[in-house]
Amino acid sequence: MRGCLQLARWLSAGPKCPAASLPKAPSGLYNTIRSFTSSAQLASRARAASKPASDLETRIAQIPIDRYRNFCIVAHVDHGKSTLSDRLLELTGTIQPGSNKQVLDKLDVERERGITVKAQTCTMIYNHNGEDYLLHLVDTPGHVDFRAEVSRSYASCGGALLLVDASQGIQAQTVANFYLAFAQGLELIPVINKVDLPSAEPEKALQQMKTSFELDTENAVMVSAKTGLNVEQLLPTVVEKIPAPVGDTQKPLRMLLVDSWYDSYKGVICLVRIFDGEVRAGDQLVSFATGIKYYVGEVGIMYPTETSQTVLRAGQVGYIFFNPGMKRSQEAKIGDTYTKVGSEKAVEPLPGFEEPKAMVFVAAYPVDADHFEHLEDSINQLMLNDRSITVQKESSEALGAGFRLGFLGTLHCSVFEDRLRQEHGASIIITPPSVPVKVMWKDGREEIVTSPARFPEEDDLRSKVAEIHEPYVLATLTFPDEYLGKVIELCEANRGVQQTLEYFTSTQVILKYELPLAQLVDDFFGKLKGSTKGYATLDYEESAWQPSNIVKLQLLVNKAPVDAVARVVHYSQIERLGRKWVTKFKQHVDRQLFEVVIQAAVGRKVIARETVKPYRKDVLAKLHASDVSRRRKLLEKQKEGRKRLRAVGNVVIEQKAFQNFLAK
């Protein structure tokens, strides 16, 4: 011990102390230091585990599992889910009244657009008839593109508040979310929101729920989430109608990874549901999916922000992070089961989640090629809590190295792009969205093609390809009947096939059409809103692959293809798109010393053409008017020079031209 203190004093004396004057360290000192550092992490875990319990934790510990309630709010976009969540948090004292707005909409893009993108969770304590209940609320997205978020949320819930806007009634995504919740066996409580609006028709909305969903509407609650009217009636209904989760704290730990996100200080944070057993800081867990072992650094609940706890028990939903943390973001597999090391054989892994399939693809390139690694890191961090995105590296001669990204829909793509710009400061170029096609080769092979670069060339199309199929979706459209003619006209113009037409009220229509997904991603929803003055709603689900006349449309500059712009489209679209492309691209190409020919082509067939005229030098300026032969000679020489330039000269097109061309 004396040797340790002496060594410490000499080290603190700084560089004045000569190395030779240092005494020989006592034997075993280095081993002591090594054992001290290796046990430091264990000591920190022990301190975390022995932390005194807070008043909140003491209160939670006294609540048995039969007084837990896990529920979510499901509805169409903009029917008031996030506002209702705020009122419930205020009622239970989780947040101060009036001090917050959309507490569970945490992303900048959510607050800007007024939509929920990520399912967010919060724990509340509610006293009912003198007994405390632990309520766990999930605020889910309403848009069809984020259905994977909704279905994951249902896995941690026992029931749901089915919310309908009193002025708008049942909409397309209300129907979709109802069937999703019904299939999961959730207990549904009908709630009519916005009853304070002058245009509200709550009785009509209730009747729609009764006839469309065959729900018992006697227990329906009429509320105004904005003013707080009747919201206090919701929580007793939740306690009485929604069943408690099933679980046993005495069994070995069985924990489901529901979501994950990235924190710059703590690393990967995991949102989990405990089915059996309990988990504490310091426990060593193992993943069933990867087999990797981790030490738990901290456990806690969302109240509404991350609030540390000593233990998470069966039936609870909370967060954990590991210490040391996950080395790679890919280790956090959504739907994975975790248990304590040594209990692997005693625990049956949970079924997990169905992987959503990406159906809309774009290419993303950094504006500055030096920022490629920054863009890659940003994409990986956002993928942590959005596993429905697929990523492949690709390169373009025009735009350099980039990524081919797959999304569930166009809004999903747009939101991801916004998050890249806002949260990570990424400057990117995004190509227009495209959909996958299925190539059926004559030798019996099937290939899914997601990039125009992998689409068969013209010769192969004729000799080796039997058929090309494209994906179709079954679209459900709801709108007032006065717009029926315009909507049918729009669907027919987009290669749609009508399936059903029914009135669910005297003035509201539900129309079902089978549409090519390629038409749907080409701003179909924007055109639908325009045709119905904003009153239409749209929901869709995958239908089938169908044979189609699909070709690759390319942009040629002086007969050289521009790979970044190529698209796989239906043959009926090529003339419209081709003319649009050449006209738009011409506006962004600078004049050269020689003529630049811009063409849109399918294989060897040119669809449209524009020409950028060259700079003209007046070679006749110094000639006398009567010198005809000299004039002809100079003009011929200039003509020959231009022809030679066109043959050997490279067209210089700045990257900004591509950015402007690809901009919406």
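Glycine is treated like the rest: Cβ placed from N, Cα and C.
The transit peptide annotation in Swiss-Prot covers 1-43 and is backed by sequence analysis. Marked as domain 'tr-type G' by Swiss-Prot: 66-246. Feature annotation from Swiss-Prot assigns GTP binding site to 75-82, 139-143, 193-196; the stated evidence is sequence analysis.
Annotated features, which come from Swiss-Prot, shown on the structure.
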residue: ALA75; record: GTP binding site; Cβ within 10 Å: 25
residue: ASP78; record: GTP binding site; Cβ within 10 Å: 17
residue: LYS81; record: GTP binding site; Cβ within 10 Å: 26
residue: VAL195; record: GTP binding site; Cβ within 10 Å: 20
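Reduced to three states, the DSSP call for LYS81 (GTP binding site) is helix. Computed over the domain 'tr-type G' (66-246), the whole-number mean pLDDT of the model equals 80. ALA75 (GTP binding site) falls outside any helix or strand according to DSSP and counts as coil. Mapped onto three states, the DSSP output places VAL195 (GTP binding site) in coil.
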